[in-house]
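A quick write-up on the structure given underneath.
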Amino acid sequence: MFKMVSSPHTHSGKLTAHIMLWVILAMMPAFFTQIYYFGFGVVLQSALAIGTAIIAEFIAIKLRGKKPLNYLSDFSVALTALILAMAIPPYAPYWVIIIGTLCAVLLGKQVYGGLGQNPFNPAMIGYVILLISFPLQMTTWMPPINLLQEPPTFSDAFSLIFSGLTTDGFTLSQLTHNIDGITQATPLDSAKIFYKSHTQLSDFYELIKLPIFMGNGTDFAQGWWQINVAFLAGGIFLILKRIIHWQIPVAMLVTFFCLATATAFTGFTHLSAISQLVSGAMMFGAFFIATDPVTASITPRGKIIFGALVGLFVYLIRYHGNYPDGVAFAILLSNICVPLIDHYTRPRVSGYPTKGRK
């Protein structure tokens with residue numbers, strides 16, 4: 001007697017835990033690059049996020065009457081926490097990452113039934129809730145630490161996150177007071193605010209000469225483009241390992257680049273398309289967030305449509321919206337469209353005629 005089982009009858013051989021660990025490994029170049037340019041805050045934020053995520057997931061699974069260890073061992077909750085920790089400002093107050101992680105795990109994942117059931121990317125749910133609820137804390141970034149006279153030590157980072165002061169009693173803003181033209185905003189924030197209030201091209205050229213953009217006089221938005229390149233390298237690694245598919249990141253980046261380039265021909269509007277690609281969370285979102293296998297499209301054509309849709313939304317938000325980045329909102333808006341995309345891009349079943357043929 002043979003036991004009848006439903007399709008599919010093939011298996012990729014990749015366990016969920018192995019996939020999650022490969023993704024975490026691919027994020028390490030960007031993780032250490034962020035430490036190099038912005039200090040140890042991301043280490044502490046990651047530890048807080050992962051610890052909070054494990055506790056929240058353990059309790060949620062226990063309340064559902066299941067065995068927590070069977071679910072925690074897939075490392076998916078650790079990856080969600082790490083993504084969120086790397087997305088927020090490194091020196092945000094400790095309660096910000098705790099609230100965001102709880103929202104990501106409980107509202108973004110467990111409320112739908114756990115891994116594989118959630119329609120939205122959990123980390124982006126947590127991030128957007130934080131951005132809307134605590135805009136000041138979520139937009140206060142320290143400039144690259146090489147611009148500071150006294151870069152914060154690990155002890156300073158710990159003290160800043162938990163008390164708002166360094167071990168010497170300085171606030172985050174006081175650490176940057178000696179740098180001309182420095183604000184506690186990202187280059188994308190600064191460029192967008194400046195563009196809306198200044199229309200002269202010469203004025204904008206003066207902006208990008210400030211230290212946060214030029215650093216030692218050669219780097220545009222130093223720290224940010226290096227982190228984006230590190231995410232790009234990690235993303236290419238995942239594609240080569242066949243952990244993620246190329247369609248989503250390529251479609252997203254190409255769509256955004258084409259739209260941004262076309263906009264540039266209409267006159268001075270914003271940063272160049274290349275500058276946009278290596279700023280903010282563009283590469284992070286393209287390779288590590290939009291490619292989430294649970295919340296992204298699963299059909300070959302659907303992946304291209306989904307990626308292009310994310311790129312379109314990022315363009316609309318960055319160029320015409322109020323938020324300077326827009327990657328998180330773009331991914332969540334595209335997640336809404338996934339069921340419709342998959343419905344209309346399902347591959348033809350073998351043996352059935354193509355549409356329009358008998």
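All residue numbers here begin at 1 and follow the chain in the order shown.
Glycine too: its Cβ is placed from the backbone N, Cα and C atoms.
Per Swiss-Prot, FMN phosphoryl threonine is recorded for THR186.
The list of residues near the transmembrane segment (19-39) in space but at least 6 beyond its ends in sequence, with Cβ under 8 angstroms from a Cβ of it, reads 46, 74-76, 78-79, 82-83, 86, 90-91, 141-142, 144-146, 151-152, 157, 222-223, 226-227, 230-231, 233-235, 237-238, 241, 243, 284, 288. Taken from Swiss-Prot, the feature transmembrane segment applies to 19-39 (among others).
Feature annotation from Swiss-Prot assigns transmembrane segment to 41-61 (among others); the stated evidence is sequence analysis.
According to Swiss-Prot, the transmembrane segment annotation covers 79-99 (among others). Sequence-distant contacts of the transmembrane segment (79-99) (same chain, six or more residues past either end, CB-CB distance under 8 Å): 20, 23-24, 27, 30-31, 34, 38-42, 45-46, 48-50, 52-54, 105, 108-109, 122-123, 126-127, 129-130, 133-134, 137-142, 152, 157, 160-162, 164, 172, 281, 284, 288-289, 328.
For 125-145 (among others), the entry in Swiss-Prot reads transmembrane segment.
Marked as transmembrane segment by Swiss-Prot on the basis of sequence analysis: 220-240 (among others).
Per Swiss-Prot, the feature transmembrane segment maps to 248-268 (among others); the stated evidence is sequence analysis. Distant neighbours of the transmembrane segment (248-268): 201, 204, 235, 239, 276-277, 282, 285-287, 290-291, 296-297, 303-308, 310-312, 314-315, 319; these residues of the same chain sit at least 6 beyond its ends, with a Cβ under 8 Å from one of its Cβ atoms.
If one looks beyond the transmembrane segment (271-291) by at least 6 residues along the same chain, the residues whose Cβ comes under 8 Å of a Cβ in the stretch are 23, 26-27, 30, 83, 86-87, 121, 123-124, 186-188, 191, 220-221, 224-225, 227-229, 231-232, 234-235, 238, 244-245, 248-249, 252-253, 256-257, 260-261, 264, 306-307, 310, 314, 318, 324-325, 327-328, 330-331, 334. Look at Swiss-Prot and you will find 271-291 (among others) tagged as transmembrane segment.
What Swiss-Prot records for 297-317 (among others) is transmembrane segment. Within its own chain, the transmembrane segment (297-317) is flanked in space by residues 245, 247-256, 259-260, 263, 282, 285-286, 290, 323, 325-327, 329-331, 333-334, 337-338, 341-342, 345-347, which lie at least six positions past its ends and keep a Cβ under 8 Å from the stretch.
Per Swiss-Prot, transmembrane segment is recorded for 321-341 (among others).
Non-local neighbours of the transmembrane segment (41-61) in the same chain are 31, 34-35, 67-68, 71-72, 77-78, 80-82, 84-86, 88-92, 94, 97-98, 100-102, 104-106, 109-110, 114, 142, 152, 154, 157-158, 160-161; each lies 6+ residues outside the stretch with a CB under 8 Å from one of its CB atoms.
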